[in-house]
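Undergrad: Could you have a look at this structure, given as structure tokens, before my questions?
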Amino acid sequence: MVCFRLSPVPGSGLVLLCLVLGAVSSYALELNVTDSEKATCLYAKWQMNFTIHYETTSKTFKTVTISDFSTATYNGSICGDEQNNPKIVVQFGSGFSWTVNFTKEESTYSIDGISFSYNISDNTTFPDAKDKGILTVRDAVGFRIPLNNIFRCNSLSTLEKNGVVQYYWDVHVQAFVQNGTVSTKEFLCEKDKTVTTVVPFVPTTAPSPTVTPAPREKPEVGSYSVNNSNGTCLLATMGLQLNLTHDKVVSVININPNTTDFTGSCQPQTALLRLNGSNIKYLDFVFAVKNENRFYLKEVNVSMYLVNGSAFSIANNNLSYWDAPLGSSYMCNKEQTVSVSGAFQINTFELRVQPFNVMEGKYSTGKNRASFINNLCSYVD
């Protein structure tokens with residue numbers, strides 16, 4: 001028997017569902033597998049999404065983000081027996097499936113591997129895809145956890161293989177649950193062990209969205225980069241200030257680069273820079289190539305926890321900022337605003353980005369195309 005529920009972030013109610021799952025980006029998937037005596041044997045709660053880069057028939061590349069699990073089912077999730085090990089199996093969307101396998105040793109159990117399959121023949125999700133059929137990526141994980149411990153990893157974890165990037169956070173899982181009771185003893189992932197204190201953001205608030213919050217000091221400028229097998233493939237230098245409206249409260253949040261982690265990926269036609277911190281699950285900047293000779297900021301996705309514990313998530317994949325020729329870097333010393341939605345804007349300071357054609361790990365250093373003394377924005381090639 002499999003029951004599961006949607007678990008909103010702290011401060012919201014909880015709805016228990018069996019056999020049907022409705023999930024949105026601000027909810028966690030929660031799975032409770034029971035044995036023949038209706039005792040819990042396998043428990044998991046987690047959040048995830050997937051970014052898939054694929055080639056089209058016209059030899060360009062596109063990126064698809066999978067984050068809707070409203071059609072999820074759990075057929076095949078089992079406690080395990082003498083012949084079969086426990087596993088979590090999730091089906092969602094149009095031909096997507098995700099499987100986690102567990103094994104047991106004397107005093108430990110392991111998260112052995114994760115498999116993710118997707119149907120690239122689905123023209124709605126993967127328009128004009130060159131490949132066809134079901135494609136699968138498999139990653140060996142190999143976490144060993146003491147028996148009767150629940151594994152916990154609130155920090156963002158990523159797996160990247162064959163153009164697929166898997167993102168996981170707020171993970172709680174225990175296989176081989178003893179006596180039907182999920183353990184309160186936690187075994188932490190390495191990233192969570194290094195976080196001794198979680199300092200919440202302290203936003204400036206106003207009673208209504210029509211009232212502008214008190215000005216904040218300029219954010220510190222951070223330097224970010226993404227590497228692939230050929231070396232550095234993306235460079236970004238910028239101060240970031242988030243302006244958001246949630247439940248009629250306006251907040252201004254400065255990103256501290258000293259406490260912000262970053263990762264990403266580079267493809268011929270797209271590039272991703274992902275930031276995350278103690279309260280930011282992810283802040284994505286997705287760049288794309290247009291007309292085969294220019295790049296621009298095409299997409300911004302954000303998911304984060306606010307100081308009151310509520311969740312805030314916004315995505316926009318139809319932007320057009322920071323346009324510059326390939327082989328150059330876009331630069332803007334003055335304060336600039338990226339309007340993601342009516343509820344979310346990003347102010348940038350001392351911005352410089354180069355998501356493609358980075359040479360020797362350095363920005364393009366040719367002639368300035370604008371007078372930055374006069375605070376104009378342009379590019380350097």
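Using N, Cα and C of the backbone, Cβ positions are placed for all residues, glycine too.
Dumping what TrEMBL says about this protein:
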SIGNAL    1-28  signal peptide
DOMAIN    31-177  domain 'Lysosome-associated membrane glycoprotein 2-like luminal'
DISULFID  Cys153-Cys189  disulfide bond
DOMAIN    219-358  domain 'Lysosome-associated membrane glycoprotein 2-like luminal'
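Locate each feature and note its surroundings.
TA: Sequence-distant neighbours of Cys189 (disulfide bond): residues of the same chain at least 6 apart with a C-beta under 8 Å from its C-beta are Phe143, Phe151, Arg152, Cys153, Ser155, Ser157, Val171.
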Undergrad: In the domain 'Lysosome-associated membrane glycoprotein 2-like luminal' (31-177), how many residues does DSSP assign to helix, to strand and to coil?
TA: 0 helix, 91 strand, 56 coil
